[in-house]
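In TrEMBL this protein carries:
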TRANSMEM  34-58  transmembrane segment
TRANSMEM  70-91  transmembrane segment
TRANSMEM  103-119  transmembrane segment
TRANSMEM  134-155  transmembrane segment
TRANSMEM  176-195  transmembrane segment
TRANSMEM  215-236  transmembrane segment
TRANSMEM  257-279  transmembrane segment
TRANSMEM  299-322  transmembrane segment
TRANSMEM  334-355  transmembrane segment
TRANSMEM  370-398  transmembrane segment
TRANSMEM  410-433  transmembrane segment
TRANSMEM  472-490  transmembrane segment
Amino acid sequence: MPSSNIDGNEKEKSAVVYDSNSSKPNLKGDWLNFFLLLLLYTMQGFPLGLTSAIPILLQSQNDVSYQDQALFSLAAWPFSLKLLWAPLVDALYIQRIGRRKSWLIPVQYLMGTCFLYMANDIDDLLPNTGTPNIMVLMCMFFISNFLAATQDIVVDSWALTMLKKNNVGHASTCNTTGQAIGVMLGSVFPILFASEDFCNKYLRDTPSTGGLMTMKSILYVWGLIFICVTTLIAIFKKEKDCRLEVDHVKLNVVENYTLLCDIIKLPSIRILAIALLTAKVGFSVTDTVTYLELVDAGVSIADITVINTAMFVVRILIPLVTAKYTSGPKPMSIYLKSTAIKLIWSLTFILLVYFTPKLIMEDGVINIPMYYYATLILILFVDEILSYIMFVAVLSFFSRISDPRFGGTYITFLNTVTNLGATWTSTVALGVIDLLTFKKCSFDSDNYCSTDDYKNECEAIGGDCVTTVDGFYLGTLLSVTFGFAWYGCFKNIIRKLQTKGSSHWMVNIKPSITENI
């Protein structure tokens, strides 16, 4: 079975590989591969954007409950579960077709076919009036996201060998920019360009019925795009023979799943995993709760949606602008600098949330001045820039340290750890805010409204449960304090990790296995 012990000869090989990796990035001769990866990640982002648009469209239906929304949310699960089948993608392939094309071609054909099939039924499943079929919608989008998650595994691992060794850091640029473009196309078109009100207000001189396009036409167009692009890739894109790759090893399915254990056994990986699982605690409250606090204060959901849509420009451009720095040999130095600045910037959200009611209320009526919008956009803009710089930097680091022989399993593991670090901190942040919030009945100073019974008693005497301490402020201070403690603890550790040779990240395979391949 695979083992993480590395002998002296293999360390020398690994050191050579690391030296080539650390040379200066230069996309000359790699531009076509760069744009192909950008296109593939854009195609991957489209179903994600479409999935995020459906809940908004469902919410416009009067007969859709939060339970229906919860049911449809299951469609997004495949991206959190893809580690379960990543070893299969690494282990099973047809050599004649190519290790990555063996999966990419059928998966993308299936995605195109899936969109064409959905286009035929979408008007019945998601009618303008009447009850949508939530269960069938969830199943269809679950399948499309399952295929997109599989494509993600394939493209992430192919990027490690498609680009030259000194350019693998640019894979994160393709990933973040491409996905942002795809998500924007998948969410903006169904919501805005299919909206009669939006098109009549902003895009037409003369009002007309319906939007510029329908969900049906959007799905048809993208179904054809997937099929045409996949056909061109199948015909014209040649994949490097994986047997020519450095230290090529072919593992069976069982060995690939065992490989996960061997990856975890690597000392550097264990340290990195602990850092990634706790890195988002410092921003958990501001990233998760700020928008909810603003809506509670009176900022409309429509305003928040428009601002979020504008932030796609940041998500698309930042990876391109910062590629020169994040694709270098020390991307985690950029990550650490951005982390420190973002922790300090998180404190501005306390001021934003505190002053929002005072700035947008005039004689008890919401009247939001333009300078408030400018301030809100500035604060969110800076925060988005810092977040995406961190995101691109850490993905660039993953591309550099992932063992290309087992790229699908390796980089999927790292991405899954990162996603878990964001997921559990967000969940905890939402739960902690209520615990840190203190209220008191306006007519009974001894009633702290701590339970539903106390709240009912307060309402029975005509009082209101007034917030005396907002958990957002205390939660933000606690999370940022933890963030600075994390920064002090892991700063030097992470800097040291990024300077280690690839021998610290590569998984060794016992000779008994390699000799039989």
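Cβ atoms here come from the backbone N, Cα and C positions, even for glycine.
From a predicted model like this one, the values you see are computed outputs, not experimental measurements.
Between the transmembrane segment (176-195) and the transmembrane segment (299-322), three or more CB pairs separated by 6 or more residues in sequence fall under 8 Å, so the two stretches touch. The highest tally of CB pairs under 8 A with the transmembrane segment (257-279), across 70-91, 103-119, 134-155, 299-322, 370-398, is held by 70-91. Counting Cβ pairs closer than 8 Å and at least 6 residues apart in sequence, the transmembrane segment (103-119) and the transmembrane segment (215-236) reach three or more and so form a contact. Each of 70-91, 299-322, 370-398 was scored by its Cβ pairs under 8 Å to the transmembrane segment (134-155), and the highest score goes to 70-91. At the 8 Å Cβ threshold, with sequence separation of at least 6, the transmembrane segment (299-322) comes into contact with the transmembrane segment (370-398) through 3 or more pairs.
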